[in-house]
Structure formats: C-alpha cells, structure tokens
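Heads up: the structure comes next, in structure tokens.
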C-alpha cells in the first residue's frame, strides 16, 4: 500500500480550500521552502536584538539541538529506523570541530571562513561514521538495531579515553572560537553572534532536509518505513534507502554536535552520553515523530527542561532538609510523569496535538463558506 | 424463540470504527443443528462470527446463548458458556506443539479428568494428530492444522461451535471429510454449529439451515435443502 | 501536508521563539547599568554555583552546596555581610558539561550573579572558564584539584580551593618514602587529570620508575578486579589510590575478596571515612589502617571548635543532615567566601573581591595555608595525613605543605586559627 | 593460567547476573513486544525496599525475599497502571514511556533515599576459595550460580510444563486465539511483567554487592550489558538470553583483564556487530523468523 501511496501526491495537497488540486513541482517547493527559511532567518535576527543574551544563547542551543532532532526524526519517523546512538554521532561532529579549530588556532590561522570549514569537516566525518553504522543498521530491525546503536552510544567515552592523546580522555578538548567579526562593532554581544552562526547553519540544514523530505527520496523513505516488501516490489532498493536515511540523519546530527561544541567552546564525552541519545529520542517523540515541527518542539524541550526544572524548585519554599532531597529530583520526576501522561494521552506528541487542534479549527471554515 | 433455540441474534449491529459492517442481523440456530452462513466476499460473514464471540463489541442488538444474554461477557469467558470459535486461518499457534495446542483448548475447565478424557477422544477422532503430538504447529500440513483447530475446540466440549471458512485452502477430499465429521458430531453429541463458508455447495450439503448474507444483512434464512434445490433461489442469491 | 506543514513550521518557530523569549525584560543593551554591580544591592549579594545534584556523579557531592548555603543562612541570620544577605543559587548540572554551559550562562546572564562560587568538577568547569572570563565574573574556589584554575595570566578571575592533586601525590609519596621504605609501591588512578596529576606528584618524590604497577580505571566500568588482580600478581605492598569514594570502596572491597591486603594511601578526594564506611556497610572494618589526607578539620573531631560551629550550623540551617566531610568542606568554602567579602569592603565590586582574594592571608578552618597571591591562584597548599584506627579516622603527624613543582615536602607547624565566637568572621 | 581461571570465574559470575537480567527483558519482550528500558530502575527500586527492610530488621534474607516480592508487585503495577494504557501502534511509544518511568523512579528514589551510595551486603563471603593453589570460586559466586540456576530452570520448567506456563506462551504468541480458548490474556501479560520484574529484582540483589553499592543509577550499566546480552542471544529466546549473558560477562572480564577496562564498550560493540551481521535476529533466533 505504501508504494501506491508514495506514487500519489500527499493527500493534504488536494485539500485546498475549494478542492482544487494544486500542481507543485520541485521548483516551486524549493522556492516556498526558501521563503519560509528566509522569513525564519529574519525573525531570528529580529528576536536576537530584542531578547537578553541568555535567551540568545538558549535559542542558539535550541538551534543546535534542532539539527540533531530534525535528523533523528527523519531517520526514525520517516524511515522507521530506531537509533539510540545519535549522541555518538553528535560527538563525532563535535570532536571534529574541536580538532579542526584547535589545529587552525595552533597554526595562528584566523578568518571568518575557518568555522564553516570546520563545520564542513564535522559533517564529512560524521557522514563517514554514519555510513558505516548505517550499513550495519540496514540489516537490523527493531530492538536489534536499538541494541547496536545503544552500544555505539556507549562507546564514545571509551574511545575518548583509549585515544586520550587525541581526545584527552574524559576531560575533553576545548574549542577555540573567534569573537564576532569587528565589522559588527566592538560591543556586539557574543551570544547574539552565537545565535546567528548556529541559526544560519541550522536553517540551511532544515532547508535541505525539508526539500529532501518532499523529494523522491523522502517518498522512498516513507515507503520503506510503511512496508518493506511493498517498497521492494515497487522497485525501491530498501537497504540503500535505509543507509541513505542514516547518512542524512548522521550528517545533521554531526552538524548539531559541532554547533553545540562551538557554543560550549568545549567537548567532552560527558556532554554526549547515552542520556543525551535517549533524551534526543524522547524529544522527537514528544515533539511529534516524523515532522520537522515536532523536532523543533523537541529541541525547545531539551533546552527549556533544565531551566524549567530549576524554576519549579525555586518556586517552592521548603525546609533545607526537604529542599535538599527535592532539588534536582523533583523536576525530573515531574518530567518523567509528564512524559508518561503525554504518551498515553497524546501519542502524536505536541505537534500531533497542535495539528489536531488546527484541523478542528480549520474544519469549521469550509462548511461555513459553502 | 423456542426452548430448543441455542443461539438467537436480534438486531445485531457491529463493525470496525465508525462504519458498521453488520446492519441489524437477525438469526436463530436451533440446538443440535448446523447453520451455514454463505454470501459473497465482504458480506460480513467473518464479522458476524467475531461479533458473536465478542472479539468486536456490537454497537447494538442482542446475542442470546441458550437464553443468556452475552452482552458484556469478556471473550475469554465465552468458552465457559459453551461457545467455541475456530477463527479464519484456524488459529493454530505455530510456536506450540500439537499436544500443547490441544491441551490449551481444555485448560479453562475445572473438571480436569473430563478434560483429559476429551483430549483422548480428540486424539482418537484425529489419528494423524496422535502421531504428531510433539510436532510444532508450523510443521503441520493444512489438513492437519484443520484437524488441530477443530480438535482444540472440541476439547472444551462446546455446545456451539463457530467455524470460519473451514474449507479455505484445503483439498476437496479434506473438505468433504471435515463436513462429514461435522454432521457426525451433530448426530452423535448434539453439537450445534454455525458455519461460515465460501464453498456454498459443501456448506449447504452438510447444513440444516442456510443463511445468505449480503452487504451486512441476512437476505434469506431457509432450510438448506430448499436453498440447495430451489434453482430460482440459488440463482437469485448465490449466483450458481 | 506540504503547505500546511510549512505554515505550521513557521508558526511553530515563531511560537517557540516567543515562548523562549517570554519573560525577558530585554532592556539591557551592552553598556547600560555601568554603575551598578551585577548581583549586588544594598541588602543582597547573589552568588551561584553548579553542582551535580542528580545522576551517578552526585553521590557525596550533592551535599556540598546545601552546606555552603546553610552557612550563608547562618551568616544572614547574624546580620549578613556589611548588611547584605547572601543568596546562593545552586544549579544542578548532573556533572554534564553541556548542562554546565547552560546553567552557568543562566546564572550569569539571567540571574546576574555577582560571582560563581565553588563550581564543581574538572570537565564541567573547564568549559565555562572562557565564558566567565569574558563576562568578568569572579570564579572563586573551584571544587576540584586540577591545576587549570591556577593560571593568573590567562584566567585572572579564577581561583582554586582544593590542594591540587600533584601536591597531594607528593605528600602521600613522602609518607611512603619515610615510613614504608623499601616496599613495592603501586598506583591506581582515575583516567583523567586527577589520576595523572596525582601520579606525577608521587613520581616527583619517589622518582620516575619507582612505581611498580600503574593502573587506571574509568567510572563507567565498575569492575576493578582486573586492576587489583594485577597489583596482587605483582606483589604490591603499598597502593596509592587517586580514586573517587565509590572506587576507593570498590578497590578495598575487591582486594579483600582477592585476599590482597596492601597499605592503602588514599587521595583526599576518596578518603572520607564516613562515606566509605557507609558504602561498604558491614565490610567497613576493611578500612582499618587506611592512610588518607585532608586539609580541613576531621568531621568526627567533636573537640575541634570548627566542627562544633559547623555542627551547630548544620543543625540550625541544614535540617540536621548527616554530617560528613562534604558538609565540613561546603561550610569551609562558605566561611572563606564571607571572609573575602568582608575584606573586599562595603563598596563591593568584582574587582575588589578579586583583589581581596589575591591579598591572601586568610585563616580559617584549614590546617594548611591558602596560597592565594597575585601570582598564585591555587587553593590550599598542603595536607595532613590521617589514619583509620578502631573505625575512627584521625589525623597523625604534622601537616605538610609543598608546591606542585619540585619543591620539598615541608612540615607546616603554625597552629590553626580558632573560629570567632559567633562563628561569623570579622574584618581583619 | 591463574589469572585466566580468575577472569573466567569472575566473568561467569557477572555473566550469570546479566543472564538473569537479560532473561527478564526477554520475558517482557515475548509477552508484550516491549523492550523494558525501565527494568534497571524498577530493579533498583526493589533493592531499595530490601535495603529498608534489611536495615530495619537486621535480616538479609528477609530483605532478599521482600525485594523479589516488591519486584513482582512493581512489575504488575507498571503493567496495570501504565503500560496497559499505552498505544502500541508505534513500537516507540512504550519505549518512551519506559524511559519516562526511568526518570520518575530514579527521581523518586533520589528524593526518598538521597543520592548517597548505600551498602549492598553480600550474604556470603566474597573471598575466593583456593583449590590446589589457584583461587577459584568465592562462596558468594556459588550462591549467585545456584540462585540463578534455580531461577532459570524454575522458569524453564514453569513455561514448558505447567498450565500457567502454557497459557503465558499462548497469550504471547497468539493473544486473540488465546482469548477465544479462554485464556485471560490481560492477566497473563500482567503475570509476565510481574515475573520479569521479580527476576530483575533478584538480579539486582545479586549484582549490587559486586558494584559500587545501592544508588538510583546503580543498574544503568548492568542494564546496558544485559540488553546487549539479550540482543546477542535473540530477544525471543530465553536460552539465548542465558547464553548471551554468559558470553557478555566473559567478554567483559577478559577484555578488562587482558586489554584494559576502558576498552570494554568497544568490545561489546564489536561482539554485537559480529553476531548480528551474521544472524540479524541474534544467536538463538528461530529459524523461521517471524516478522516483528
């Protein structure tokens, strides 16, 4: 059934007001995506001027995580492959950026083009790692894939320690990053610059992902997810599709990790633990699996969580003995509980909930008109 | 309803999701008889059986088994009321052995001794199963699976047997044997059978009553002999 | 889902931005508010810290910040510092450097803390050094013995607190050299700066090559039987441990299991007897004879006036939490910070606080001197040895001081200071 | 040779625990098609209950029994209160819910017991007995082997020979047919969760004395090893879980002993890849692999 579905235009495309099917060719899709990205970019710049530096930094972190969650949602949501090891892919990108930036700094090289170069290198190295894992992953299904990716996630600290001459063990590396260019003025807030850099990289990545999803490749991703046998009968090379999905996902995860390293100006295995991998997965599912908007909600959640957690405990005035026990734990308990309740009450995640709401509102309009 | 009507269905409405597949089914099966439900693909025959055994919850209507309303009875309790349902594809659990499959049919019974006797009787009834006790379900042939499914239902000594497409995918010889066995069980033990079949000829050959379904309704319920022999009826409802 | 998805994406991004941006006053561009000092008003000083309160690394450490806070509350109850009350914001980073980035930025950029105090952990705190420097936030008394904090030229606002691991290694090795001469010395260390610096200290005193077997462990592998087995096979008689408490207990327990009974010389990090005994439970007697180091009063020394003070504070302001070395540590940090605030004077600025720390000469609960000066930003410069005997950990011998270079290990003989009568330091 | 024997015994002793824990994962996977990521946290919770009882009464064995009972109850509770209501349409949903449970359980344990390590007592000496000059087994190792041997063979007997075992297997393989045959499938599912959680609690009680001690996160690493073991053996196969557990235990011990402890995660990854690339359904995957 998926093969037929893949061949047809997406259903919603026909649901234009008035029921006129609209012809959409690749070109116009690209243009529309470009417009959305440009608008988002402008909005981001505007926001970066209107909020405090800390919010700028938080937004920059959201952008970095968004890269990773968007890639993961493409892999898991659209292609049906479960990965518990995206933290390790992020680490690959992060360490690459750290090594590149350090190498540049050691050689006394400066210039605005160095950072994009390092980020590019990060993507390339993660793609290489992702291809290797992807080839193995294409043979595996469900929990077996989960098992292998879990092992990949756990291997990061081990590698960092084993090759501590390069990666400096559990302590990690620092990432030298140049200050904002002087042309922006001498007092340009560093956090705003960070938001610009990560925002630009992330929007670019999202643009590419959005186009990919709408393209023939995106359709084959979904076809393979829905029914491998049918996809194979429809002439889709299943294994190749799965490896491609993994590689794409790895590339964005690598970029996300690299951006995170640039933001933190340091890399260490502790920042890319198994917990991160699991949180990424939770984020995309809670946000709404298989949708880039869901990935956005997930990324927001990843950043807002520690912040929220702190506010929760600060709101309460407790005796020191009680506070000491609740501090840190109470927010996690609340988060865990929320996770369970949301998954039971709204399995489509935040975006699923919003879509349902939106549909309910939209559903009224045409009837009124006709 | 007479005292001898084992199964009485009144105004049964059921389906999947919002669209009902069954629209107000009325049906009566007297005790000790075989009723054959026939009809085209998609007429709702399998849905009828699933609604009777509670695997889908009816939206409206009543199902009485020996005068007892079955509404709200959980599926796993129906077997205790004397109803056995052999589902389409027969439901042999392929990871279990023949013996385990059969024993499963009588596990719910309090009377362990009689459950054991029933098991022995089934092995006598189906010789090939006795020879393949330790084989796994997926190692059996289609005919053997048929025997196993039927035998497993009989271990529970049901009053009413619901059979979904027992002839599906089987050689004519095996089908004939199955039908003969049903008749034999009816005559010997007073078993009541509600049979859903595509294979109209064989079904009507064995049945006492023929029920023709179309688009979720019973269009005619008549003695099987009448359906079999009345050419006009056959043409009108069964297309042969 | 095409068009809708994209409209959705745009709406969602906008919403997300607005939500994240909500609650910002957004009025402070760069350069504004030059007159006021961040985190300081006439009645309040806000300082913050990052600590692992949750997660696997939180054991023990999660008690430090509450103890510091309790001491501040005690000071606040006694009138505060120059009329200002100290508010201590404790942020949980779960020992995850990525979280540390977030919470420290939140402290500095959003909560506008005056200083970051006692941030814990080498990998965690390393990542925020540059950020704190570029925002000119005093970064006082980092809770780790890494030598990274002592870089006055590169990080003028960062100061350590713990004696560094090399100093500690030297003092432990000095004990071995003086009292266990001729015995075979081996070493187990954590696979990071902690283990490496400590080993460097040991080898500075005993000489390179004098350590017969060197083993490392990673915190993600709780099986140390292979390492301990190697010590046993090599016939080690003295084992120096640069381990966190969990792994000290694990090593001692594993050795007993293998029938291996060396003399243990344990880093201050992993030598707190109550913590170890609690973890070992019925096997606690295995700790008999263990030699450890410390530089603060022993928590069980009820005759010590500092312990009496801290016990009182713990009762009154910390919910009478179990009193151990971490409590003493946390309160000692609080005491030192109050001393520094007093010395910085009534017109508090960040520069004045840094000057006050560099001026040095602070006398507190410590058994050894604090080394602070314009050129030295490392914390305590020595340790005293302790031994577990009859289930009680007590100090023995003199306190020692040394440097992280090749200087000799010297006895430090000055008598420790007594706490002020009301437990709150006064301007000296 | 001495060292080899030591590493082998040590590896088998840990491997036995991994085997039990992996078996618990397999039980739930077979019954509910859920990889129970919360199993480590649930087991630790049961161990904390045991700790409370043991400290209050001074009896290790009372705590031991209470831990298993607590594990059984907790498993049933998780099924009835949480997992039963999760939409299993996407296999990810139960995984995320399980991760939510991990956060919740660990946080609650942290609140109640604090984040300090608590001692996990061993009921027998952990010092190895020597046979012919070679340190072989400690009484505790023997206790571990015996307990896990009893549990594994007990479970095997239950599943193969008892009516309730037959019902549980039937309910797992063919829930719908089983209901038609009078099997209370919901009840069997709850029983499966309870048993698995009970076995998990037992494994925690056995492994914690060899670890750092009792801590909300104490089973995190054990979970990773056990999950690896279950995957290596094949998630549908209880014997696979046992073999997988022993293999992983031995591997970790040899690698730590001969190559260095920091290399163990790498070795685990290599093992997983080597096994799964040859047999994508694990060592003991059924020949006619069912589509999952």
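Here the Cβ of each residue, glycine as well, is placed from N, Cα and C on the backbone.
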Query raised in the report: What range among A:172-192, A:193-213 does TrEMBL describe as transmembrane segment?
Result: A:193-213
Query raised in the report: Is the transmembrane segment (A:87-105) packed against any residues at least 6 beyond its ends, judged by a Cβ distance under 8 Å, and which are they?
Result: 68, 114-115, 117-119, 121-123, 125-126, 129-130, 133, 152-153, 155-156, 160, 166-167, 172-177, 249-250, 253-258, 260-262, 266-267, 269, 271-277, 280
**Report entry** Segment proximity, the transmembrane segment (A:243-264) to the transmembrane segment (A:117-137), 3 or more C-beta pairs under 8 Å
**Finding:** yes
Query raised in the report: Is the transmembrane segment (A:193-213) in contact with the transmembrane segment (A:296-312), using three or more Cβ pairs under 8 angstroms as the rule and ignoring pairs under 6 apart in sequence?
Result: no
Report summary line: Near the transmembrane segment (A:270-289) in space but 6 or more residues beyond its ends, with Cβ under 8 Å, are 65, 68-69, 72-73, 76-77, 82-88, 90-91, 94, 149-150, 153-154, 156-157, 170, 172, 257, 260, 264, 295-299, 301-302, 339, 342-343, 348-355
Report task. Residue list, the transmembrane segment (A:30-51) vs rest of chain: Cβ under 8 Å, 6 or more residues beyond ends. Result -> 59, 192, 195-196, 199-200, 203-204, 206-207, 210-211, 214
**Report entry** In contact by Cβ distance (the transmembrane segment (A:57-75), the transmembrane segment (A:243-264); 3 or more pairs under 8 Å)
**Finding:** yes
